[in-house]
């Protein structure tokens, strides 16, 4: 493409080199923290119930009342949704780099603050915890569009998918680390402060020191983020933002000359020429955007929304599934610290077997078989395994190993499938000046799905028998029917995947038609046909 800027050509054609890996680590550490913070809450909800809602007359240990459980689990998602929209928009207005350090500091401060939640009454502690977790989510939300956009704009066109997916794959390590930290902390406290099971000694089954456990687990999330702050601040602004949005060719060439260690010319006339073309001036709410990218945006938002309903709901009734198949003994037969240990052990095993490998399969194959195929295949297998778990549900109650394998496979195909691709594609198919915003909108739709998944299924997965329902809840549709609904959600995901184009192996400007003068060529390049 003769009209392509030299500096962007150099990035597209660059061999995989050291700066690519540093970019993956710097952007990925934010994701590591995101996953750690968002998933670690599910490790400690039972402990919070025991500490703050203990009732000496109850035969079962204290549990969080439904509304509080929903707030503690879901408030960070609400913050994330708001953060994705706000920082996504800000990333296109001020530049990726300027906003990047801000989101990280917010995550560090709020991780520490949520571990220091205080209050005279249980409701007071929960309210401060929810307050800080909302703002923690807000910071995490900003990391989604910014990390994806920065990585996509730094990458070369041959391995761009793998690089963006590798940033996202750090999530797997975050979840794993959450489990490992909880295991170490709870084991240490269990060893140091012996406590009897609840059914032996109700009063002393929760050691007073157990209150430190959940605080330490939450505060640990600040450490990895803090370690990468300095490197984030040293990263130059992406050349695509500097040249195509800020229109500063000299700065773009200077920044990338340092990064790529080659001499690049500033092509200000070309930048000015590209800037005045109609293909580079339409806004998000224009007819032109609707015509070119309307269906793409519908595709990226709907698939991410549907995926997250399935992904987050199954994550949240993980603990109940473990109890149902006998992985977690009944709560009253354990002390508080031992229960944290058992929940963390189960979650860590699932992460090791199903979660982490799936992400890296995507990294390995995304630039060979393409985003479209991986996403379609992932949704297909997720629905197959959800139905396979749901239909003979009674059978699985006596066959724990089989259930666990199927459950792990569902997670494997979420991560070697739509969980990774819904993050990658929105960072590639929209124009530079709207890229961060559109990624933020897609991600926010995903978080809306996570809210439906976590709030909705907290109630829906309750037993249909009134005597088997958790305290404070109404009867639900039961785990079996909840799994059937999720299978259907994944089938819908397959349908909406058909709206998403395949950006594999092409330069970002070729995909979005930003540098092309010939209009016929432009429309062909964004034709909505998967390759």
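Glycine residues also receive a Cβ, built from the backbone N, Cα and C atoms like all the rest.
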Of 192-211, 212-231, 232-251, the range TrEMBL tags as transmembrane segment is 212-231
Using Cβ atoms and a strict cutoff of less than 8 Å, what residues sit near the transmembrane segment (482-500) while being 6 or more residues removed from its termini? 295-296, 298-300, 302-303, 306-307, 309-310, 313-314, 317, 371-372, 375-376, 379-380, 382-383, 386-387, 389-391, 393, 418, 425, 429, 457, 460-461, 476, 528, 530
Six or more residues beyond either end and a Cβ under 8 Å away: which residues meet both conditions relative to the transmembrane segment (162-189)? 20, 23-24, 27-29, 31-37, 39-40, 43-44, 147-148, 151-152, 154-155, 207, 209-210, 212-213, 216-217, 220, 337-338, 340-341, 343-345, 347-348, 351-352, 355-356, 358-360, 362-364, 366-367, 415, 419-421, 423-424, 427-428
For the domain 'Major facilitator superfamily (MFS) profile' (23-505), report the average pLDDT of the model, please. 89
Quick test of the contact rule: Cβ under 8 Å, at least six residues beyond the ends. What residues does that give for the transmembrane segment (68-87)? 37-38, 41-42, 45, 48-49, 99, 102-103, 123, 126, 129-130, 133-146, 312, 316, 436, 440-441, 443-444, 447-448, 450-451, 454-455, 458
Sequence-distant residues near the transmembrane segment (21-48) by C-beta distance (under 8 Å, 6 or more away from its ends) are 61, 63-64, 69, 72-73, 76-77, 80, 103-104, 107, 111, 126, 133, 136-137, 140, 143-144, 147, 150-151, 154, 163, 166-175, 177-179, 181-182, 210, 213-214, 217-218, 220-222, 224-225, 227-228, 231-232, 235, 315-316, 318-319, 331, 336, 339-340, 343-344, 347
